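As recorded in TrEMBL, the features of this protein are as follows:
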{"type": "BINDING", "residues": "B:Cys281, B:Cys360, B:Cys376, B:Cys416", "note": "[4Fe-4S] cluster binding site"}
{"type": "DOMAIN", "residues": "B:271-439", "note": "domain 'DNA primase large subunit C-terminal'"}
Amino acid sequence: MTMEEVENGRDDMLIDGIEPKQNQNIEIPEEFNANYLRAYYAKLFPYTDMFKWMSYGNDGRHPGCDQSYVGRREISFTLENDIYTRFLSFNSITELEKAIKEKCPFKIDIGAVYSVDPAKKDAYSQNAFTPVERELVFDIDISDYDDVRFCCSGANVCSQCWPLMTVAIKVIDTALRDDFGFNHILWVYSGRRGVHCWVCDGKARRLNNEQRAAITEYLHVYKGNENSNKKVSLMGPLHPFLARSYTEVLKDFFEEKFIYSQELFSNEERYEKILEMIPEESVTSELRGKWLDNKRSRDDVNMARWGHLKQLLQSGKHKAQGIRRCVEEIVLSFTYPRLDKEVSKHMNHLLKAPFCVHPKTGHVCIPIDPNHCEEFDPSAVPTLSKLLEELNRGGLRSEGEDELENTSLGKSIRYFRSSFLQPLLKSCKEEIESSYAAKTQQSKNTLSW
Amino acid sequence: MEIVRSQRKSSFPSSDIVVPTIPLYRSTPALEVRLEEFELYAVQRLRVLHGISDGLSRGKKPDEIQKLVKDLWKVNMMHPDASEVVNKDIISHFVLRLVYCREEELRKWFLSMETTLFCNRLQLETPEAQRALWDEFGLPYKAVSIAEYESVKDKLNQVARAIGQSSSSADTIFYKVPFEEVPDLVAKRKVFVQKGIAYVATNQVISILMTQYRSHLSKALALTYRKWNSMIREQEKDRLTPIVEALSTSYLGPDYSQPREYAELSLKDIDQVAKRSFPLCMRHLFEKLREDHHLKHGGRMQLGLFLKGVGLKLDDALAFWKAEFSRKVGADRFDKEYAYSIRHNYGKEGKRTDYTPYSCQKIISSTPGVGDHHGCPYRHFSLENLRVALAKMGVGGRALEEVIDKTQNRHYQLACTLTFEAVHGASCDAGVNHPNQYYIDSKRIMESKNNSKSP
C-alpha cells in the first residue's frame, strides 16, 4: 500500500474551528488522511462496544469469568507507511483506547485468543504459545470474480457487480445458521472490495483447524483456476445445501439480474466463456450456429440466448454424462460465493476489525445486516470526510455519546449493538454461568469421595 | 513392551491375543519382543505406509487405495504363526510411533498414513466388528427415531443421490452426530447437516471412528514425544535409540531443503536452466512470473522454495524476485511486502524454520484458485492448456498422447515422468516424486551428455 494521499494531506485539522455554514467540500477535501483518522479515533471509534465484544462476557463479576481472556487476544496495528506491529494485547478498554489514539493505526486487525498473553509470547516455548480460540471468519473479495464481471475489475466495484456480494452473504449466512446452527454472526463491509464474516458463537470460536477446514470445504464449490475451463464440476444431483442455495437465491439472481447487468450473452467473447463450460461439442456448435446469424428479435439478446441454451441442455436430447448438470454448473460458476479459503481454515489468521477506515477509500467498515443486505450500497457507506463534516456541523450542539449517534455512523453502531452485541453477550453470560455451575457440581462430587 | 535380546520365542497362550478386530493401540502391549523383530516389523509396516503415501500422491481413487492397502498388508504384515499377526501389528505400530514422534512433519505424515490405513482396514471388516469398535470408543450418539426419520427423509435421500448412492430405506440407521465429529463427511458434503447435527448413515460410521482414532493417535504421539525426550532416548541410548534413529533417516526419502548436487544456480543461467531442467509446474510458474511480473502467494511459495532447493542463494533470490515484482508493484512495495516472505522461506525471519521445497504430493493436493498458477499442471490444467504447455516443452506425437493418457487416468506423477523421458530422451526409473528430484535427474543427464560429447 502506498499512502500518497497522506502526503498531500493538510497539516492542520481544525475540527472545532470550522464554521458550520462554510462550504463543506472545501473544508474536507479528501477521503482520507492521517489527521482525519486521528479525529475519528478521538471522537467516533466505538471502543466500548469493540472491547465488550472481544471480552465475550469475561469482563463481568461472575466467578466463572476468565479475567485473563481478553488480554490473550492478539491485536495487530498497521501504522502509517505499512509498519506492521503484530502480537499486541490489551487488558483493559483504557489501554486499548490509549494505544489506538496514540498510534493512530491505519488498520487494526484482530487475531486469535492464545494460550498466553501474545505480547509476552517470546517468554514461552513455541509449544506453550498456541491459539485456543478464534471466531470462524470468512473473507469474500469482489476481485476474485474478475472472470465473470465485465463492469469493473480488481478492487473496483459498482452497483452492477456488488450484488454478487449480496448473494454471497445470503448463501453463506443461511448455511451458517440453518446447517451449522450458529446464531451470532456479524457481516462487515471490508471498506473497499468485499465483505468479512465473523461467526462468534462459543462453539464456533472453539473449532479446531480441521473442523474449520471442513466447514470451509462444505461451503466451497468454485474450483476454477487460471488454467482450467470448468470452474464448477458437479458429479451428481445437488446436495440439499446447494439445492437450497441454487433454488432460493442463485438461480433467480442469475436469470433475472445478472445475465442482464453483465450482458453475459451480448457478444461472442462473452458467450464463448459460457460455451466453454459445456463439454458436448454438438450442443455448443448448435448454439453457436444459432447465435452467429445475430437475428434481431424483440426479446433481449441475453434472455433469448440463455433460453436457447437451457432449452437445449434440458430437453433431454443429450444423454451424455455431465450434460445434465450443465445449467446448474454455469449458474454456480458465475454466482456461487468465492471464499478466500485460507482465511477461514486457520485459527491464527488476522482479519481487519469492524469500524476500521479503509485508507484507500475512506470508507468505514460498517456492519451489514444480512436480512437487508440488498439495501446495502457500498457507495453510500459513511466516509471519514463525511463523518467529520457531520461532527463539525453538530459539534457545537452535543457532546460524547450523542455526537456519535448524530452522525451517519450512528445507525451502524445501533445495529451492531442491538442485533449483534446484546444477544451475543446474553448467551455468553448464560454459557459462563452454566459451565461454572457444571464445574462446581463436578468438584462437589469429587469431594464427596 | 519388553524388548529382549534372547532368541527365546515369546510364549503366550494364543487365546489371549487373538482379538477379532483391529487394535486401537491404546497402550503399549505387555509383550516381549526380540530386537530383530523390533526392527524388522517396523520396516515392514513402513513399507505399507509408504505404499499408501505413494498411492495417495498418484491421485488414486478410494477404491484403488482400498485394494492397495489390502495387498500391501497381505504382503508385509502377515506372519507364519497366525497368532503372532496381531502382535506384529501392535509392535510395529508402537515402534514407528517412537520413530515418527520426534518432529512435527514426521508426526503429521505418520498420523495421516496410519489414519488412512486404519480407515481402509476398517472398511474390510464386518459391520459387527465396526460396531465392536464403536462400543470400545464408548460413543454416545443416538440413532434417529422412525418419526424423526420421516421428517428428514427427503433431505437424506437427496444427499444419498448427490453422492451416488441409492436412496436410503427406513431400515438404514442414521446417527445424529455433532458435525465437529465428522469433519471429513462434512467437507465432502456426504451428510445432511441441520442445526449443527450431521446425520450419519450406518455405512459412514467409519468416519466417526476415524476421527476418534485420529485424535487418539495425535495425542498419543505428543505424549510419546515427551517420553522419548525425557526418558527413552537416554535410557535406550545403546540399544533402541540407534535403531530408531536409523529407521527414521533411511526411510524418509531424501531431504531437498538443502541443495546438494549441482549446488549452485546463478541468476545469469536461470532462464536457460528453467527451459531445460525445470519440471512443467515450475517452468509454468517461472514463465508466468516473467510475463506478468507477479505471482500470487501459492505460486511464490511453490516456485520460491523450489529455487531455494536447487541452490539459488538468498541474495540472488531477492534480486530475482525483486527484478520481476518491482516492474509491477514498484521496488518500494516489494521491499515492504514481499521481501520478508522470501527471507522467511530461507529461515531468516519469523520462526526461522528452514522450509522444505514442496513435494509432488503436496503440489498435487493443493487447490489453486482464481489468479493462481501453482499446483500440478497435469492435475490442474484443462487438457487443452496442458497440450499447449507440453508442446512448448517439445513433447509431441506419441509421447504427448501417452502423457495425456496418464493424466486422464489421474496418474499425474507418471505423466510427469513420461514428460521427463520425452524431453530428455532418457529413462527415469525412479519416477518423479519431487520437483527437485526432477531437476537433479535432469541436470545429471545434461551433464553426462555434455561429457560424452567432449571427452
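Backbone N, Cα and C define each Cβ position, glycine as well.
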Report, as a single number, how many Cβ atoms besides its own are within 10 Å of the Cβ of B:Cys376 ([4Fe-4S] cluster binding site). 28
Using a 10 Å radius around each Cβ and counting other Cβ atoms from all shown chains, which of the binding-site residues B:Cys281, B:Cys360, B:Cys416 yields the largest count? B:Cys281
Environment of B:Cys281, B:Cys360, B:Cys376, B:Cys416, the listed [4Fe-4S] cluster site - residues of the same chain whose CB lies within 8 A of the CB centroid: B:Pro279, B:Leu280, B:Ile363, B:Ile364, B:Pro377, B:Tyr378, B:Arg379, B:Tyr412, B:Gln413, B:Val432, B:Pro435
Helix, strand or coil: which one is B:Cys376 ([4Fe-4S] cluster binding site) in, per DSSP? coil
So what pLDDT does the domain 'DNA primase large subunit C-terminal' (B:271-439) average out to? 88
